[in-house]
Amino acid sequence: MTKKIILPSPAKLNLFLYITNKRVDGYHELQTLFQFLDFGDDISLEVNESGEIELLNAIEGVAKEQNLIYRAAKLLQNHTACSKGAKIGVTKRLPMGGGVGGGSSNAATVLVGLNHFWQTGLSLEQLAELGLSLGADVPIFVRGFAAFAEGVGEKLVACQPRESWYVVLKPNVSISTAAVFQDPNLPRNTPKRTLSRLLSEEWTNDCEKVVRDHYFEVEDLIAELLQYATFRLTGTGACIFAEFESEAEAKAVFAHKPHNIFGFIAKGQNRSPLHQMLNLTTFPQ
């Protein structure tokens, strides 16, 4: 492979998020549902025989060794003793700190893409275990299927929720995930429910009230758009989203977003666009 290959690095949404327990070690147990979107960043890969990992887009103020894309490539290279190299670029569309998985998705696309084109031969499950050291959400993107997660997020069950259309908006604020989970008003004892029951109920997010109470930018945007649609938080934010049956309905609401707010329209995908492109089996048999 000498030509440049462009691979999708999709966004994800947490369609619901419930916190069921805080353990003695400080970790929170949860129930959440991840789904991919047909919108995201693009990762370019150009594999070569140099043995070097070259980043074509440096992030200002971030050392190469701290860059998740570089770390993912080096991790796979070292783990498999691969002698090949690559030039890697990224076209960013997803907002930083939006809670839609940009950095984790980038790392996963690099792992999956280089494993494919370097022919290093790891299974998706092996790649997911490797990716966990890069971030808790990386295995979600590596496995490539919409998933119901329990525990501290490590127990995954393949799931096929409806593939709706979404409007996703990014309030002009950064939210500290750690601060949200440390907040004394965060619910921590939501009763556990079966997946079948959860799929039949209206979905909410236990973090949303805490975030709306502390960040007026989120509260005001949700309130301003309430006359058009009900938006809710994904993860700990800052992004919010609303669900629609058709692209036309989504476009009609998107037209009412404030001009200074970043946003996009996307369709839910139960199979990652990356895995569709590479024709990788993703749903457990």
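Using N, Cα and C of the backbone, Cβ positions are placed for all residues, glycine too.
As recorded in Swiss-Prot, the features of this protein are as follows:
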ACT_SITE  LYS12  active site
ACT_SITE  ASP137  active site
BINDING   PRO95, MET96, GLY97, GLY98, GLY99, VAL100, GLY101, GLY102, GLY103, SER104, SER105  ATP binding site
(request) Would you find the one among the binding-site residues PRO95, GLY99, SER105 whose Cβ has the most company, meaning other Cβ atoms within 10 Å? (result) SER105
(request) Could you check which of the binding-site residues (GLY97, GLY99, GLY103) sits closest to LYS12 (active site), going Cα to Cα? (result) GLY99
(message) Please report the Cα separation of GLY97 (ATP binding site) and ASP137 (active site) in Å, rounded to an integer.
(response) 13
(message) So if I measure Cβ to Cβ from GLY103 (ATP binding site) and keep only same-chain residues at least 6 apart in sequence, which ones fall under 8 Å?
(response) LEU68, GLY135
(request) Indicate the candidate from LYS12, GLY97, GLY101, ASP137 with the smallest number of other Cβ atoms within 10 Å of its Cβ, considering only these recorded positions. (result) GLY97
(message) Going by DSSP, is LYS12 (active site) sitting in a helix, a strand, or coil?
(response) strand
